[in-house]
Amino acid sequence: MRGTQGAQEMKPELWPEPKPTSENLTSRGSGSYEKVLPSIPAACHTSSSSVCPRRKPRPRPQPRSRSRGGRGLKAPPPPPAKPPPPPPAPPPPPLPKQRSVAWRNSRRRSRPGPRPQTRKSYSSDHGSSRDSDGSENSLLEVGSNKGPTGCCHVESFKVAKNWQRNLRMIYQRFIWSGTPETRKRKAKSCICQICSTHKNRLHSCLSCVFFGCFTDKHIHIHAETTQHNLAVDLCHGVIYCFMCRDYVYDKDIEKIAKETKEKILGLLSSPTGDASYQQLMASEVEENQLTCESKDQETSLVKPKKKRRKKTMYYTVGFRGLINLGNTCFMNCIVQVLTHIPLLKEFFLSNKHKCMMTSPSLCLVCEMSLLFQAMYSGNQSPHIPYKLLHLIWIHAEHLAGYRQQDAQEFLIAILDVLHRHSRDDGIDQEGNSNCCNCIIDHIFTGSLQSDLTCQVCHGVSTTIDPCWDISLDLPGPYTPGRASSSTSSRDGQKPRVISLTDCLKWFTRPEDLGSSAKIKCSQCQSYQESTKQLTMKKLPIVACFHLKRFEHLGKQRRKINSFISFPLELDMTPFLASTKESIMKGQPLTECVPSENKYSLFAVINHHGTLESGHYTSFVRQEKDQWFSCDDAVVTKATMEELLNSEGYLLFYHRQDIEKE
């Protein structure tokens with residue numbers, strides 16, 4: 001009976017089901033019971049918990065009988081589960097912080113609503129001013145629907161009547177203060193109308209007589225309440241737009257500022273000096289009604305103060321030091337030169353670039369726009385050009401890394417990237433996409449004409465190539481073919497100093513190519529000896545001359561430290577292709593030099609040290625006779641003697657006729 005075979009032949013129906021009694025029910029706590037089966041053979045307990053554990057019943061909506069075949073007791077329902085405790089009540093919201101009335105007024109209009117096409121800006125007492133002819137009108141009348149490009153608010157400001165005269169008066173009285181008397185008057189009058197101080201970047205409203213602090217937002221509150229959008233920085237003379245929330249650049253305003261400063265400095269340098277300046281100010285006051293003493297409500301502006309600031313007469317906005325990020329002096333000196341080219345300055349500060357790249361963060365022209373804004377922001381702390389360096393590494397991989405690089409190589413690389421990223425800004429008007437007229441080509445691109453003359457038939461083959469700079473060989477024992485250099489002394493005489501003009505003459509001389517470099521003539525169709533001559537077919541606006549001071553002859557590498565003199569003014573007429581053609585035709589040369597061939601020295605980049613270990617610095621001209629020395633983060637005023645005695649590696653000349661415009 002205990003064997004496996006006997007257990008398989010047994011039938012469960014032969015075992016009678018005992019009736020439930022109190023003996024075969026086992027208590028399981030909480031009043032629930034479980035039926036206990038009678039003792040049966042071990043072979044029949046195939047469903048015992050020791051052999052096969054009982055499956056856990058699936059949860060159902062209602063409990064059913066747990067007996068087999070409808071026999072047995074129903075299990076009582078389980079006790080109801082306790083409901084979860086309610087979540088804690090959230091803490092009450094903090095009370096709103098009480099703000100000042102000025103703060104609420106400055107944040108009230110987050111999105112400007114529709115504005116009228118024209119509006120009139122009045123002075124603080126809402127009175128009207130009269131011109132010198134007696135006609136009554138507002139101080140400035142602004143039309144907000146003008147100006148499609150650049151800052152539309154500046155364009156609207158220029159629509160107003162007498163805006164040039166009023167702006168010129170502000171520059172004369174409050175910005176270009178050249179004499180002790182004018183500086184004294186400025187220290188007394190130019191104070192904040194709200195806090196009565198002059199230390200927090202004082203700005204003057206261009207639409208009325210109001211001075212306010214920029215740091216403490218007093219000028220912002222005035223602009224918010226009066227809708228006067230433009231103000232001028234009294235320290236640097238730059239214009240701030242409250243609608244654009246940035247400093248803006250305008251060519252017409254810049255011209256007025258420059259003319260006013262030149263006029264004042266010219267009067268101060270005259271023999272009469274202060275008297276001429278005072279006479280000018282008196283005449284301007286008679287013609288204009290824009291004066292701090294004209295209104296009773298603004299008499300607080302002219303109260304004398306014990307403390308007053310000192311104002312230097314040199315205008316140095318734009319000259320800002322650049323941090324050296326690790327052997328990046330070659331980049332810093334090129335950036336200082338590029339940011340002071342007048343046409344580039346006008347282009348980038350006027351926001352004329354239209355980025356067409358899918359990733360504007362990789363556009364070098366967009367980064368240069370931000371760099372120009374940082375250089376002309378008036379901030380005197382050195383700028384960190386890390387983003388510019390990163391983009392150069394991306395687009396010019398041969399310059400990646402913190403190794404020492406060549407400044408001339410970096411100049412060509414950055415001009416090439418700027419040219420590629422700004423092609424959409426200046427396509428030729430005729431629709432020829434092959435003829436690029438971008439800002440880089442417009443300023444730097446010239447053309448070299450190469451003439452190959454056959455020695456047999458005298459046929460000339462001409463090739464014209466564009467160029468961004470001109471590399472000039474230096475005289476000396478390291479230059480091929482210079483054994484009889486003009487630097488050698490003869491008969492005990494002192495050697496003559498080589499100039500930039502001598503290098504240009506050597507560059508444009510006819511060169512015999514020799515028998516080892518025979519070229520097939522296009523006319524006689526035979527390989528013959530020929531001569532080669534380079535001339536300038538087209539002159540650029542900014543001419544860059546590269547003095548080749550680094551030479552590699554076999555395994556030898558050396559730097560040529562020969563002194564090369566360079567003039568402040570340069571005439572490029574003798575080196576033009578048209579001049580050569582006139583000489584060959586026997587035509588007389590005119591004594592009058594065309595204005596487009598005259599150049600003025602604009603910047604000089606110097607290399608100090610050896611070929612293996614060196615450093616780059618630059619001299620940059622701001623005005624006619626004002627030169628500054630830029631050595632990474634240090635910018636100082638330089639003398640003409642320091643400039644002309646420098647060694648010279650890259651020389652930048654600007655066309656005089658365009659520079660004067």
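The backbone N, Cα and C atoms fix where each Cβ goes, glycine too.
Feature annotations, courtesy of Swiss-Prot:
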type	residues	note
ACT_SITE	C329	active site, nucleophile
ACT_SITE	H615	active site, proton acceptor
BINDING	C151, H153, C241, C244	Zn(2+) 1 binding site
BINDING	C192, C195, C213, H218	Zn(2+) 2 binding site
COMPBIAS	21-30	compositional bias 'Polar residues'
COMPBIAS	53-71	compositional bias 'Basic residues'
COMPBIAS	75-96	compositional bias 'Pro residues'
DOMAIN	320-656	domain 'USP'
REGION	1-144	region 'Disordered'
ZN_FING	149-267	zinc finger
Cα-nearest neighbour of C192 (Zn(2+) 2 binding site) within the listed recorded positions, C151, C241, C329: C241
Cα separation, H218 (Zn(2+) 2 binding site) to C151 (Zn(2+) 1 binding site) (Å, whole number): 23
Integer mean pLDDT for the zinc finger (149-267): 78
CB-centroid shell, 8 A cutoff, Zn(2+) 1 site C151, H153, C241, C244, site residues removed: C152, V154, N229, L230, F242, M243, D246, V248
Fewest Cβ neighbours within 10 Å, where candidates are the binding-site residues C195, C213: C195
Between C195 (Zn(2+) 2 binding site) and C241 (Zn(2+) 1 binding site), the C-alpha gap once rounded to whole angstrom: 22
Residues close to Zn(2+) 2 site centre defined by C192, C195, C213, H218, Cβ within 8 Å: Q193, I194, S196, T197, N200, L202, F211, G212, D216, I219
Between H218 (Zn(2+) 2 binding site) and C241 (Zn(2+) 1 binding site), the C-alpha gap once rounded to whole angstrom: 15
Sparsest Cβ surroundings (other CB atoms within 10 Å) among the recorded positions H153, H218, H615: H615
Candidates H153, C213, C244, H615 (recorded positions) with Cα within 10 Å of the residue listed as 'active site, nucleophile': H615
DSSP helix/strand/coil residue counts for the zinc finger (149-267): 55 helix, 17 strand, 47 coil
Candidates C241, C329: member of the recorded positions with the richest Cβ shell (10 Å): C329
Residue among binding-site residues C151, C192, C244 with least C-beta crowding, 10 angstrom cut-off: C244
For H615 (active site, proton acceptor), the three-state class that DSSP assigns: strand
